[in-house]
Every structure is written in C-alpha cells, then in structure tokens.
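To start, the structure itself, in structure tokens.
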Number of protein chains: 4
Amino acid sequence: MSHNTFGHLFRVTTWGESHGPAIGCVIDGCPPRIPLTEADIQPWLDQRKPGGSRFVTQRQESDTAQILSGVFDDGDGPVTTGTPISILIRNEDQRSKDYGEIARAYRPGHADFAYQAKYGVRDHRGGGRSSARETASRVAAGAVARRILGDGVQIRAGVVQIGPHRIAPEAIDFDAVPGNPLFAASAEVVPDWEAYLDGVRKAGSSIGAVVALEATGVPAGWGAPLYGKLDTELAAALMSINAAKGVEIGAGFGAAELSGEDNADEMRLDLNRQPVFLSNQAGGVLGGISTGQSVTARVAFKPTSSILTPRQTITRDGEETDLRTKGRHDPCVALRAVPVVEAMAACVLADAFLRHRAQVG
Amino acid sequence: MSHNTFGHLFRVTTWGESHGPAIGCVIDGCPPRIPLTEADIQPWLDQRKPGGSRFVTQRQESDTAQILSGVFDDGDGPVTTGTPISILIRNEDQRSKDYGEIARAYRPGHADFAYQAKYGVRDHRGGGRSSARETASRVAAGAVARRILGDGVQIRAGVVQIGPHRIAPEAIDFDAVPGNPLFAASAEVVPDWEAYLDGVRKAGSSIGAVVALEATGVPAGWGAPLYGKLDTELAAALMSINAAKGVEIGAGFGAAELSGEDNADEMRLDLNRQPVFLSNQAGGVLGGISTGQSVTARVAFKPTSSILTPRQTITRDGEETDLRTKGRHDPCVALRAVPVVEAMAACVLADAFLRHRAQVG
Amino acid sequence: MSHNTFGHLFRVTTWGESHGPAIGCVIDGCPPRIPLTEADIQPWLDQRKPGGSRFVTQRQESDTAQILSGVFDDGDGPVTTGTPISILIRNEDQRSKDYGEIARAYRPGHADFAYQAKYGVRDHRGGGRSSARETASRVAAGAVARRILGDGVQIRAGVVQIGPHRIAPEAIDFDAVPGNPLFAASAEVVPDWEAYLDGVRKAGSSIGAVVALEATGVPAGWGAPLYGKLDTELAAALMSINAAKGVEIGAGFGAAELSGEDNADEMRLDLNRQPVFLSNQAGGVLGGISTGQSVTARVAFKPTSSILTPRQTITRDGEETDLRTKGRHDPCVALRAVPVVEAMAACVLADAFLRHRAQVG
Amino acid sequence: MSHNTFGHLFRVTTWGESHGPAIGCVIDGCPPRIPLTEADIQPWLDQRKPGGSRFVTQRQESDTAQILSGVFDDGDGPVTTGTPISILIRNEDQRSKDYGEIARAYRPGHADFAYQAKYGVRDHRGGGRSSARETASRVAAGAVARRILGDGVQIRAGVVQIGPHRIAPEAIDFDAVPGNPLFAASAEVVPDWEAYLDGVRKAGSSIGAVVALEATGVPAGWGAPLYGKLDTELAAALMSINAAKGVEIGAGFGAAELSGEDNADEMRLDLNRQPVFLSNQAGGVLGGISTGQSVTARVAFKPTSSILTPRQTITRDGEETDLRTKGRHDPCVALRAVPVVEAMAACVLADAFLRHRAQVG
C-alpha cells in the first residue's frame, strides 16, 4: 500500500475529492479475457449509494460508473484486456452550500486538523479527499475483483453491532443483510435497531458499529508470510476504510481469553479424506496463509463526528470556537461501510490469488 | 509490505528459519550519519530473548546481533552510511531433538498445515520460518528505527490483559513494564498474574493476552492517506506479528459503543496557543494522519498452540492422529511480543517520518 | 516501475487506449501547495500534439488536459493539495475507419502479435494501449514534475540524428528546438533534414532517429544506489517510451573506446572554491548519484513500422498474408518523442528529489 | 527497483561493502520445491571471481557462497521452501593498505565525490558500497534465477568490443566465451585482444568495452507494458551494473539509421505453422513483450578510472590535488561484467516469468 494505491498485483489507485468534478480509480494488473461491463459494477455501487434510506446521508448521487479503458469487445462481448481499467464516477450533488465555517474551523473527530497540519492546505468542501465518498471507488474496484475470484469465492458482510446492541455470533445470518436498510446480519434485530437508530438520528447524534465479514470458498494456500500475510493484508485494507478503528481476524480480541486447548482448531478427515477443522478460531488463516476454512474478520467503526450538538474546537487562525455540523449526515456511517468492507476483502483476495499463482503456479 | 519486506522508505527485509544457521535482516533506506553500533541494538534484543524467566521458552540463545554492513567509522565513531545495514543473529540452540512426529503431523493452531498446503514443502524444525524466533530480526530493525526517530519519540508497550485478567485503562503504567518478568503494565497485578500464569504453565496449557502500545512525541502530520494511513500501516505491522489476531487504534472496538458526542475529541488552545485535544478516543490519528497526540493501539494475541494435552490432527500423508507438543514452550507468547510490538511501531513511525519529509519537506 | 505505474514517491499511473473515450493519468505523491492549473500543463501537451506539421501524424486532437482532483483554490489560486492529481484527456479523433484488416493481421514491427500472444485479446484500434497516444499522459505528468523541480532545473531535448544525418556534438543547440517542426537541436540542419524527411514521407517510408537530453541545475546527491541509481531510473524511463531501442548516459557507447585517462572527468575548484569538473563523460552521474554537472542522455528510436510498402506477416488465425498500413502515419516517430523524453526525465528527477529529501533531509 | 532491491516478484536485496566482513543478498519470492544447493551457485561465482587472470584485479577472494536460509532437505535433497534465501559471501582479502589518500581525495571518475555529496559520509575502503565486489551478490542471485527458468531458457553474454576492436555481428560466437580469459565472443580475436590489453595494462591505463547478451528460449508473452516492459526492465537491470553507460535492445542505436522497411521484422509460418520472424531487429521484444525470438541486448562499459597516471582532483577538505591510483586494478572492468550481465538478465527474466504467470496464468 502506498499513499493512494493498494494491492501488489491487483493494484487499485483511487483519486478524487467529495466536491470535485468526479472521483474514480485505476485498476492495474487485472487478468485478461474476463467479461466485464458497467453492469457488473453498478449493482455494488447501488448498495453503497447515499440517499437510499433515512439512515444514511441524504446526498443525492446516481453513482454511475463509467469504464474508460481496459475493456474491449472483439465480437464476443466486452472483456478485460490486461491493461489498466479506468473507472470514472461523476459527482453530481455538489451542493453549493456555504463552507465558510468549516473552511475555517476544524470539525472535531474529522480529518480537517490533521490534513491542514500535514499539507498546509486542504480541500475542505465536504471533507475533500477524506470524505467517505471515495469509498465508491473501492466498491467499483471490488466488483472487478469479484469477477477475478469467480463464483467459487463468496464474500459477505453485515452489521453485527450498533452501539450497545449486538447480534449473538450464532444468530448471524448474512442472508438477511440485503433485505434491510440497516445492513444488519439478522432480520430479527431490525425493528429494534430501527427504533434505536431513529432515536439517534432525531437527537442529531451518531453511533458506532461493528461489521462482520465472511469469505467462503477461499482455497488453502493464499497469503504470503511474513509481511504479506493474508490477515495482515486484510487488516490493512479494512483499517484503511474511513472511520475504522479496529480489526479482528477469527476469534480476534476474544483469543486473549482463550486457552491453548480452546483456541487451536483441531483437524480430522472428512468422508473424502479431505482435511476438516473442528472449529474456526483462526478465522481461516494460520501463519498468514489461508487454510481452506472461511476467512472471518470484524471491523469496528467509530460514530461520525458530524453531529448537531455544538462542540469545542479551534480555527485555522488559532482561535477557539464552537462548531455544530449542519446539513445532511449519517447517524451510523458503518451501515454504508458494509459494501466497502466486502469490496476491500474482494480486492485483497484477488491480489492474494494472483500472488499465489505467481509464486506457486 | 511484500512477502518478507516491510516499510516503504525505511525498508526491512527479514530472513531465516528457527533451526537454520542464522536469522537476520537487511535495513534499507536508513538516513546517513546516525551513530550506530551493536550496542544500540543489543539491549532491545536482550529484552525479547528467550530463556529469561520461567514464563517464556527455555530455548537458550544469546541473540547476539552482528552488523555486517552499512556502518562506517571515519574517525568519529561508527555511523550509518545510507547503504543497507545487514544484521546477522546466529542460531545457537538448535537442539538436536527428534522432529519425526511434527515433520509428519500438523500441529493444530500452528502454521504447519498452511505452509504445506501453500508450498508443498516446509522446514518443520521448530516452526521454520513461522517461528517466533524471526521476531528477533524485527527487534533489531526497531532499534535502528528508534535511532532515526531520536529521543523525542518514545515508544512503549506492555501487557494489559492475560486471559480474564485486565488492567483498567486508568491503571496502565508503562513504567512498570521493565521491572517485571510478565511485561505487565502495572506493578500491582504482577503477583496475581504470576500465580495465574504458573497455573497455566504447570497445566501444560497456554493463554492469550493483549498488549497496549503508546507512542508519545509523534508530531502532527505523519501518515499518508488513503492507503498509507498511519493507523493502516500500524495495523498491518502489528497484525504481522506471530499470533496477533486483532488490532485496535485509540478507542478501537469500544468506539462501536460511543456516541458522536463522546467520540469526537474536542480541541482547545493551550497557554502557548497551541492546539490541545480534550480526549484521545482517536488514538492520535485522524484521517490516517497523526494529530500530535499520543498514538495508542492494542494488539490481541492468541495462546500458543503448543500445549501438553493431546489434540486431534492429521498427517501429511492423510491419516488422523493425536498430537501432544513436547519440549519447551511459552505459556503466554504475548509476553515476548511486547518488545516486538514496540519495534514494529518504531519501524512504522520511522518510515512515516521519512515519507512525510519526502512529500512535505 | 510496475506495469502501468512509474516512480517511487512521485508516482504516475497512466491508463487509456488510442481509440477509447479518453486517456489519462493519476499522479500520486506530489508535494502540497504548488500552484497548478491546466494552463501549466497545456503548453507541453501542445508541443507533442499530433497534426502540428506535415512530419507528424495527421490525427486531429486538441489534447485538452482536464484536472479532476488534487488541486484546490482556497482563495490564493489553485494549488496542489498533496492528494492524487487525476488528469483526463479526451480522445476526439477516433476515426471510424475499418479496422478489419489489422484486427486480423499482425502489423510487422508493431506490438500486435506480442499483445495477442500475452493476453489472448487486444484492442487493435489504432494500436490500443501500445499507441503513442499514451505519451500525452506522460507529458502531462512531466508538466507537474517540472513544477516540483522549479525553475532551477532546466530539462531540454532535441533530435540530434535522423537516419544518417547527425548533428555534431559541439553543434548541438537546444535553443533551436522550439523553432523548427523537426525538433532538431540545430537550426542549420533543418532545411536539409526537411528535404530528407519529405523524401521519406513521400516514399511512404519511415526512418529512425536519436534524441539527446540535457538537464541542467540538478544538484549533487540525487539518485540512490544501487538499484535506484539516477542513470538506471533514467534508462528505464526513457526505454519505456514507445519505439525506444537504446539509451546512453554521458559518453554512452562511446565510452567503450575511451581510455581511463580520457574518461575520468578531472576536478578542480572554481573561484568560489566549489568543485568543478573539467569534462563530462559521466553525463552528470557517478555511482548512480548526480554530481552537479549537467545530466546528459541520448535515446535511439526505431522507425515506425507503419509504412506503405506491403510487408509479409501472419494473421491471428494462422494464415500468411501481406499487409500495407493505410492512413495517417509518422515518417519519424522520434520527432514527437522529444517532449516525451523531457517529460520522463522531469518525472525521474522529481522522484529523485523527493527520495533524496526523504533519506537525507 | 528501489535503492538496494530489484525485481517485483523475484526480489533481490543486496548489501555489503568491499572491505566489510561480508557481502550478500536476500532473494524473496522464489518458487518452492526447486532443488538448490551452494553447488548450483558456486560455478557462476567462480566465473566472475577476481584473480583469475592477469586481465582482472589481483584481489584474492574465494567468493564462497553460503546459503543461510530458504532451503530445506526433507529427505529428497535440498529444495527451496518459498521463504527468503539469504546468501552470504565473506570478504577475505581486505588488504590492510593505507587508505589515507583516497579517504581524503576523490578519485576522478569514481563514485567517491557523489557518495560524499549525497550522504556526507562514505566507506572509502576499496570503493565501499560502489565497489564492483557487490556484483558477486548479483551473480549468486542470477544462479537462483536460472534454476527458476530451467534449461529451456539459455542466457549467454560475451565481450564484443574492447576499445577500438570489435567483433563483427555475424562473427559473434557465445560458445567461445568460456574458453578465453577475455570473455570474448570469438576465439579468433583473442590473440590480438590479449596483446592489446597487455599494452593497456602495462601502461597502467584502462579501456572500455561492449558486452553483448542473448537469451534464447524465452517464450512469447513475457513483460508487462507500459512501465514494466521487458526491455525497460532489462535496460534498468543492465544500467545498474557498475560502469555501464549505455544499453541497447536489438538493433539499438543502429535502428536510428534504419528505414521502416528494414526495421520491421516480417513474419511467416514455419512447417509446423508456428510464427517465425525473418529478422530480429526488435531484439525479441515488441511493445515491451517478448515475441518468442531471442532477446538480445548490448551494454557499454566505461574504462575503470583507477589508472597509474596522476589525475587532477580535489579533496574532501576543499583542496586541489593530484591523485594516482595505486595497487591492483582491472585494465578492462567489462571483462568481469560478463557473468554479471548474464545474472541480471536471468533475474529480469525469472521475474517476468512470475509476473506473467500471475496475471495470465
């Protein structure tokens, strides 16, 4: 990962600010002859799209992905050519609001102060480069990554905790995620969670959440020790998502309370004399290499810092002030992170597949 | 990070297996004219050294670091020359035990199966490349990184949880760490923890733990969004440590339960009209860039899977068997991870410093 | 350099095909607060633009660069923000000619066969990704690199040989380049060269050439041995230009005939007691590091393979055939390479500057 | 390529100074299960070894390579394990001569001044890091690369020009190289060249040379446009060799004098209806991708600057002085570069093979 590029062989470079003319990404290293059109990308973007429910920002964006390169139709339909795939997404709702205040004052909990401290300048409009809007590029790249992985690898994520409300591990049901506006990994919790989140929203407040991830169908052998471990790459990719504050693989922090007996996943042979594990505390990764079990991870997201209550802060000019974030905001940014978590995992896995194929054939 | 190299400008490549003739690392990109001798490295290695107490593996290693290149004494004492620093650490205690059983059977919870699945071959002696022995190279590199950072940046870590026993956040005292064999970040807990860990050890069992990290003196502006974020780099570096299963920055998973009001660290000016934060839920990083606050993180470690109780497993030849790990082992591998956590943080910070200097001057 | 990205800290990723909707690049790692608008880029693109004279392809392109990100006007004019600069150049003249023949038959000397052999698919329209059209992205990136380098570093190139016609080293005058349509580094040769090239053009043939490069104002110390040497990076960057077949630094192949006495540039002190060299066989680079002398290089370009004479070739379907390239073509592709050579040198130098600043401060 | 590492997937990091305790390299990314012992490496090192004839430096080094990691014998002989291969070569002949003079004065034509200007310090003993001694590490890495490539790819190099004496292209015979101390690619020239070089040697002078390279058996499809082109990677790898000043692919600078008709290699089908080229001006690379023809290149080397005639120079302390290089030196450094040229080509090709396999399978 280097600044605005991630991946080693499946490399994604993203660019663009929240309120510039467009955002986008360039995907390099994609294998050739993979059928690909905008229709393969758009459904994933539609999932992440703002404006879909009252629980996410009301910014209006069609988030239409346009492929500008790297795909060619030689008669049998558009396929990747092995050259860079450039994807462009226009920004449409660059609301002409007055940015005077946040141009001047640093929003607490936002990247404003840090960008200014680093660069001495920042595009303050809507968060500029640090806006969650950039994650649309990740989702587009993830759609391409899924095409590389094929149907054998299934990647799913869902919200498993909002504030104090948790879904018990055994109740997690990723099939429930597409059917509810909260991306909750359980249909049962939705009414309660909606009520809870409506309360947060109406109070002009916000709340954190945890997203769980599961990738099935990952064969044993992906990941490259010691610094390109599959779990290391996943941790980096997931932690790079806006508002992420923690990443766990398998048992995660729970492993700190486990004994060696409980933690080590025992092995037997199945009826076909293939290896099976009797548990999955490891989250499908041992020594940084996939084992053939499901790869599981969890990501903690902080609440958005854009809230209606005035907060103490300072200005660029060195004055103390109080700031209240006006306008649209997400009561729980983690909801829209669900497709992003999936996308980042898809990119990491596609990259791991290519790297493994390179070294081992 | 790519396979066995990490870092972008301060680049560390490590090599070596547990029972080969030696392990070591090559450090590239170190600034020139930094005073450096083996004496700057050895104390950190001595901290991590096995055999130091009854709570860590009884393998006997002097862990003597030898600098083979990149340092030159032109009359004023040895200094770095800007060329690669090669560090060699001989393996001394390659006990000639019978590896027949673990050559054949996969130790549950270990990397054995995964390495074999990936490479079709593995150096099974003492875990080969996946052995924690490799972390000595990281500690050596971390010692060099500290020299780059200078005394202004202080990096400290300590164990804050062993199994069910936790140190309350307000009781964490990194000054206590060097004074006890458990690397515990509180002197008070030591007697209880020793008793607890003696029980684990005598039972031939093992237990997980959590290590906390704090880096003070990091100026605002380090880290490069979006995929070279400081927290992203830290997450990757820490997750790459053997047995790590989770990483948190600042409030971490706790942020999932915070409201926007509680999470966003408010700002004021101090008496010198410099920015101060009234809290540090962010862990010193906003938008992937350091803010000038302390950088804080936590890492969860699983228990070692080498335990005395026989466990169900399979062999390379496709037979079911039961395996009991004989010989020396760590009841809590996380203890020896404390210097490694510090070292990885030092490397990440030195790299971030150089990258920041490159782009911003 | 990795596939479609070059540079280490000043990183340029290019994308796009000759006959797709657009081409472009993403520049990452640019320092912040550098004044930059499209007007800083356009003049360099205009130099390279096709259709400018009878000696270059008659394709009509305005080559208008649009900056989509990474620049922000906070009141004092647009400046770089340190985030990725995405530059888009629309393709306008995608002449709807019949590509049937070259879709099927490999043009000898072109990349057609190689792309097909590698990828099993290729965008054959106008050469697709291998078209010289891509070099517009390089020129745009080079314009940004020049802004980083500032006025102190001056980078100039010119044609010094076309076919058998050479400009003697002592007659090279880079000031003459902008004033003639042949980019010749001497005003005197222009009438003869025009007559010669008119003959080549009318014969439907083409001819190779050599471009010389000189960068003045490069301070001593840039370049990083051993594999990031300044001359190594230059060689790679220049060899990556379409049709390049050879690169020399300083005396180049001529050094093979020099004695040690003649080759080693002797040193004295100038009136300010600063080091001066009495010759520059080294081309401004020793041990891979700039010496403060002018950095000089030469690049050999092959003739374009698109000629009117029918040539023997084979088809994708494994048939022998003869092929005659119809339509517009360059009699000497090297002419338009002059701004590209300058641009690549600018990118390499900007990158070397940032890398040096990172390591040495 | 980044500082002291080259390659993307087959990555080689070298370290060490001429007069330190040792030099060496770490090879990362090597495929597993390739038989490898020191005996596979040593013969190549022996070729490059100093002290072999009166035409190369009389330094006495056994250049014994020791493999420290990455190879394991599980009963069927030592094979690579997919983990880093660390190779160590001790420096033996660190003659205790007085370095006082060259510690102070910059040798004209050497890297002394440039290193000092960049780093403010340099290991002056025997050239330190810039010594040709480092190329032993490259040769060791090249030996491993050859094992990856297998016997199907044959890489050969030889001297084709010394000073004014050239071997005509049609007379080049790589089979002659191992049989003469000049690495000349023709047995016929040897007596004359020996006489010529004896003259140079006795005069205490030195002379440049050109080395030609040919790799046969490279399948079509290797190399990755646009910035990882096979010819670009080769150019960088070859230009990174000490004393290299120019690199050509195929017709090279000669292409500047070719017409399009002569330059474009025509294609026909052979008796098996496989593509054949009727010439090889391209040097086996089109659009940066191998075509299945032999890959051919040439490298120009400057004469060593260590000569007996006193040369004007300056000192570190800013004084003018004259310097005469005492002690052993090479009359023509290019001779010993022949195995290095081969080794770098082997590394580039192994890397290209892995990259191609990653993307295309």
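Using the three backbone atoms N, Cα and C, a Cβ is placed for every residue, glycine included.
The structure displayed is predicted, hence computed values, not measured ones.
So that you can see what the record holds, here are the features copied from TrEMBL:
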BINDING   B:ARG48, B:ARG54  NADP(+) binding site
BINDING   B:ARG129, B:SER130, B:SER131, B:ASN242, B:ALA243, B:GLY287, B:LYS302, B:PRO303, B:THR304, B:SER305, B:SER306, B:ARG328  FMN binding site
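A map of TrEMBL features onto the structure.
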{"residue": "B:ARG48", "record": "NADP(+) binding site", "contacts (Cβ under 8 Å, 6+ apart)": "B:ASP63, B:THR135, B:ALA136, B:VAL139, B:ARG336, B:PRO339, B:VAL340"}
{"residue": "B:ARG54", "record": "NADP(+) binding site", "contacts (Cβ under 8 Å, 6+ apart)": "B:PRO181, B:ASP198, B:ARG201"}
{"residue": "B:ARG129", "record": "FMN binding site", "contacts (Cβ under 8 Å, 6+ apart)": "B:GLY16, B:GLU17, B:SER18, B:TYR115, B:ASP123"}
{"residue": "B:SER131", "record": "FMN binding site", "contacts (Cβ under 8 Å, 6+ apart)": "B:GLU17, B:SER18, B:ASN242"}
{"residue": "B:ALA243", "record": "FMN binding site", "contacts (Cβ under 8 Å, 6+ apart)": "B:ALA132, B:PHE301, B:LYS302, B:THR304, B:VAL333, B:ALA334, B:ALA337"}
{"residue": "B:SER306", "record": "FMN binding site", "contacts (Cβ under 8 Å, 6+ apart)": "B:ARG107, B:HIS110, B:SER206, B:THR325, B:HIS329, B:ASP330"}
Binding-site residues compared (B:LYS302, B:THR304) - the one with the fewest other Cβ atoms within 10 Å: B:THR304
Subset of binding-site residues B:ARG54, B:SER131, B:ALA243, B:THR304, B:SER306 within reach of chain D (CB-CB under 8 A): none
Proximity to chain C among binding-site residues B:ARG129, B:ALA243, B:SER306, where any Cβ pair is under 8 Å: none
Binding-site residues among B:ARG48, B:ARG54, B:ARG129, B:SER131, B:LYS302 whose Cβ lies under 8 Å from any chain A Cβ: B:ARG129, B:LYS302
Secondary structure of B:SER306 (FMN binding site) (DSSP, helix/strand/coil): coil
DSSP three-state assignment (helix, strand or coil) for B:ALA243 (FMN binding site): coil
Secondary structure at B:ARG129 (FMN binding site), reduced by DSSP to three states: helix
